[in-house]
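Lifted from TrEMBL, the feature list:
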ACT_SITE  His149  active site, proton acceptor
BINDING   Asp107, Gly157, Tyr311  substrate binding site
BINDING   Asp184, His186, Asp272  divalent metal cation binding site
COMPBIAS  397-407  compositional bias 'Acidic residues'
COMPBIAS  422-438  compositional bias 'Basic and acidic residues'
DOMAIN    36-322  domain 'Histone deacetylase'
REGION    386-438  region 'Disordered'
Amino acid sequence: MDTGGNSLPSGPDGVKRKVSYFYDPEVGNYYYGQGHPMKPHRIRMTHALLAHYGLLQHMQVLKPFPARDRDLCRFHADDYVAFLRGITPETQQDQLRQLKRFNVGEDCPVFDGLYSFCQTYAGGSVGGAVKLNHCLCDIAINWAGGLHHAKKCEASGFCYVNDIVLAILELLKQHERVLYVDIDIHHGDGVEEAFYTTDRVMTVSFHKFGDYFPGTGDIRDIGYGKGKYYSLNVPLDDGIDDESYHFLFKPIIGKVMEVFRPGAVVLQCGADSLSGDRLGCFNLSIKGHAECVRYMRSFNVPLLLLGGGGYTIRNVARCWCFETGVALGVEVDDKMPQHEYYEYFGPDYTLHVAPSNMENKNSRQLLEEIRGKLLDYLSKLQHAPSVQFQERPPDTELPEADEDQDDGVERWDPDSDMDVDDERKPLPSRVKKEVVEA
């Protein structure tokens, strides 16, 4: 059934949404190494659920065009990108100084196909931004993206390339103001740092704060210079539940939308804020997490949905499948269909999992103080800034292949700055397959 990517009406707004979904079938093969909590295989599990729930037929399914060196260098330092391109598990012993300099080796290991992995997940996020800029969809989704810790010239927290910053830079070609919202349990430090001194990007991060990676994200960190009050941080404690989370999320984001009036929104949907995450300590249900997506969707502003953290991979796949349904406005049945990863979801084989009975350390008094302080910051921004439009870089042409079409797709426009790199040698594909055990 071809719906042309149009979603069904849902919620009080009842407006159809056209959704573009980016997925590369290779992405699940990349392997950070034995015992490492980050598992790209979760993206493949999510895709399998979407296929068997019948959600793919409601969307335009696109294979991302890999980001090239020059695309990555719009944010990252040239020497860092060159290092990522050249490093392999075999050569890393000869480059110990470089590994240390770029913070690669422990949390961010060198693995087979590392650079291709970065190109793939960044290509999906930038491709989504391009689709939104060309008004070819209302919502773009890249569950492989959302790697929010990467810095201009170093890797951090399992993240090598900051696809979010690259996507926001793309959106800024078309929109005066872009809002970034981060619901991962970890602070979105790389994105905040990149836009800390500008009033064209507002960043809002909801995260665990206090003796927790990456250690940044204090409520008093609000931006600098022209960017003062354009970075907001919502520091939370262990065990936060759906009700407490939305006591903050909805009034704060509602006020942000009113005073900042973004032309586009990027929502990082890190699933390590769910109850029962291997590395997390929050107590959100999948419905509570997805309520953030539903709320952002209700504003009818171009929306880019990205992945992020999430280390209990069966729950990550559940969450992003359900959130894809929310984006589309399609009801998703709790009973899970039979599919190749069905055994991961036992013994219940349901989409939703009950939150635990852990203690919520976020008292009502603390939540009211946080809410009051952030609404006070926002009152200092009573109207959207008037941005002087500079001459902007040329548009990025649509780079991705539509999986629905077998005919050849035109790649980059030769007149754009995103034309194909002729001098770039194709990288040999040597991807270590992850051995999957249910």
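In case you wondered, yes, glycine gets a Cβ from its N, Cα and C as well.
Curation plays no part in TrEMBL annotations; they are all automatic predictions.
Structural mapping of features recorded in TrEMBL.
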residue: Asp107; record: substrate binding site; contacts (Cβ under 8 Å, 6+ apart): Ala155, Ser156, Gly157, Phe158
residue: His149; record: active site, proton acceptor; contacts (Cβ under 8 Å, 6+ apart): Ser156, Gly157, Phe158, Cys159, Asn162, His186, Gly188, Asp189, Gly190, Pro214
residue: Asp184; record: divalent metal cation binding site; contacts (Cβ under 8 Å, 6+ apart): Gly146, His148, His207, Gln268, Cys269, Gly270, Asp272, Ser273, Gly308, Gly309
residue: Tyr311; record: substrate binding site; contacts (Cβ under 8 Å, 6+ apart): Pro37, Met38, Lys39, Asp272, Asp277, Arg278, Leu279, Gly280
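The candidate set comprises the binding-site residues Gly157, His186, Asp272. Of these, His186 has the most other Cβ atoms within 10 Å.
What surrounds the substrate site, by Cβ distance within 8 Å of the Cβ centroid and not counting Asp107, Gly157, Tyr311, is the set Pro37, Met38, His149, Phe158, Phe213, Leu279, Gly309 from the same chain.
Listed in chain order, the extra residues whose Cβ falls within 8 Å of the Cβ center of the divalent metal cation site residues Asp184, His186, Asp272 are Ile185, His207, Gly270, Ser273, Leu279, Gly280, Gly308, Gly309, Gly310. Taken as a whole, the domain 'Histone deacetylase' (36-322) shows an average pLDDT of 98 in this prediction.
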